[in-house]
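Working notes, structure below.
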Amino acid sequence: MKSQITNALSDFFFEYETPRQVLVRNRRVGVVCRLIQLGVLAYIIGWVFIYEKGYQSTDTAVSSVFTKMKGVGYTNVDGDERVWDVADYVFPPQGDSSFVVMTNYIITEGQSMGKCPELKGKHNCSSDADCEGGRLKRTGNGQMTGVCRNETKTCEVLAWCPVEDDNIIPDPPLLMSAENYTLFIKNSVTFPLFGVTRSNLVEGIDAAYISKCLHSPDKAPLCPIFKLGDIVKLSGFNFETIARVGGAIGIVVDWTCNFDVDVKHCKPKYNFHGLYGNPAETDKARASVGYNFRYAKHYLEDKIQKRTLLKVFGIRIDIIVQSLARKFDIIPTLTAIGSGVGIFGVATVVCDLVLLYLLPKREFYKNMKFKYTDTQAQEPDSEAGSTETEK
């Protein structure tokens, strides 16, 4: 027993096994094998290393975005002249990465809490019986009092009076001058894995350049100042159409960087996308087209609380930072090479199938590849390769 254990250990530590190979001189099989190997090699070099950059590790950025709008608008509605500055037409005013620029509005001034007739079409009536007191209608403007107002044939409501009439949207938009507003974007990104921090104010973008530049995809692709009209145009919209009822536009700041070269080559690219609304203007047949919201300015007049209500139509702008940085790393490189070498085994499997099952001389090749032995009487191994089976 001891000698058997000693021999087994000796065989395990001091012997090396390697399979025998059968060299098959067959042109068709040889061509198939080399074509498969070439295909695998092309996949490893072309797809894994060149296209997918399998020799590099990747990281995404942690980013922050600050924005600032500039520009002044002018309106003249029925002789009422008004100038609109940034504090009037940007919501919210904090300079977030998502904000709304007002381009059109419906204003209802001098509202106070009281009782007044509902807007026509909201809740029509012919008698008080049609107006259920205390009822709140989802699309209405207030709580019904149970009275039918004869002058309008609508139910009386407790609400901010006079109620808003938003049936007619101003056309053309009241703030067409918004087309000339400018947007300044300041974006910083950090790639934690590589310890690299970059800003869209890259080398050459200084205060003097910013004071006179305006973004253009061809002439000034790195300028961080954008004209609102150009943003709308580059996203595929018509400014007057989107300004009338509102919409949404996405500005994508793309940081795709290769840190195997100098960091200064890591620069942003700006892309513009219409997120809501159809550039072909087919949205006219749809419900709830555009983007709008309401806000009120409250004040006291003769100790009576009043408000000015605005229904704002605007362009919602979402600034989206998209990032991917790459750098050479030995671990993914070895992983890619190892997986590629493993794929080379596909050629062997395919060629074995052809030899053993498809060629006319398949029985001959089987006899050359496999050796069948009897467990009761083992003969010296004289064939190429060895596979033992029990009969």
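Just so it is clear, glycine is given a Cβ too, placed from its N, Cα and C backbone atoms.
Per TrEMBL, transmembrane segment is recorded for 29-50 (among others).
The ATP binding site annotation in TrEMBL covers Lys68, Met69, Lys70, Thr182, Asn292, Phe293, Arg294, Lys311. Here the Cβ of Lys68 (ATP binding site) has 13 other Cβ atoms within 10 Å, regardless of which shown protein chain they belong to.
For Cys116-Cys161 (among others), the entry in TrEMBL reads disulfide bond. The number of other Cβ atoms within 10 Å of the Cβ belonging to Cys161 (disulfide bond), over all protein chains shown, comes to 17.
A sphere of 10 angstroms centred on the C-beta of Cys148 (disulfide bond) encloses 22 other C-beta atoms. The feature disulfide bond is assigned by TrEMBL to Cys125-Cys148 (among others).
Residues near Cys131 (disulfide bond) in space but far in sequence (CB under 8 A, at least 6 apart, same chain), listed by position: His123, Cys125, Met144, Thr145, Gly146, Val147, Cys148, Cys155, Glu156. Feature annotation from TrEMBL assigns disulfide bond to Cys131-Cys155 (among others).
TrEMBL lists Asn180 with the feature N-linked glycosylation site. Sequence-distant neighbours of Asn180 (N-linked glycosylation site) (same chain, 6+ apart, CB under 8 A from its CB) are Gly71, Lys227, Leu228, Gly229.
Per TrEMBL, the feature disulfide bond maps to Cys213-Cys223 (among others). In the shown protein chains, 19 other C-beta atoms lie within 10 A of the C-beta of Cys223 (disulfide bond).
As annotated by TrEMBL, disulfide bond applies to Cys257-Cys266 (among others). Note: Cys257 (disulfide bond) has non-local neighbours Phe191, Val196, Arg198, Val263, His265, Cys266, Ser323, Leu324, Ala325, Arg326, i.e. same-chain residues 6+ apart with C-beta under 8 A of its own C-beta.
Residues 24, 26, 28-29, 32-33, 36-37, 40, 43-44, 48-49, 54-55, 365-366, 369 of the same chain lie 6 or more positions beyond the ends of the transmembrane segment (336-359) yet place their CB under 8 Å from a CB of it. Look at TrEMBL and you will find 336-359 (among others) tagged as transmembrane segment.
When Cα-Cα distances from Cys116 (disulfide bond) are compared across the binding-site residues Met69, Thr182, Phe293, Lys311, the shortest belongs to Lys311. Within the same chain, residues 336-337, 339-340, 343-344, 346-348, 350-351, 354-355, 359 sit at least 6 positions outside the transmembrane segment (29-50) and bring their C-beta atoms closer than 8 Å to a C-beta of that stretch. Put simply, Cys161 (disulfide bond) is 37 Å from Thr182 (ATP binding site) when counted between their Cα atoms. The full span of the recorded ATP binding residues, Lys68, Met69, Lys70, Thr182, Asn292, Phe293, Arg294, Lys311, taken as their largest Cα to Cα distance, is 24 Å. Across the structure, Cys213 (disulfide bond) and Lys70 (ATP binding site) are spaced 14 Å apart at their Cα atoms. Looking only at the recorded positions Met69, Cys116, Cys155, the densest Cβ neighbourhood within 10 Å occurs at Cys155.
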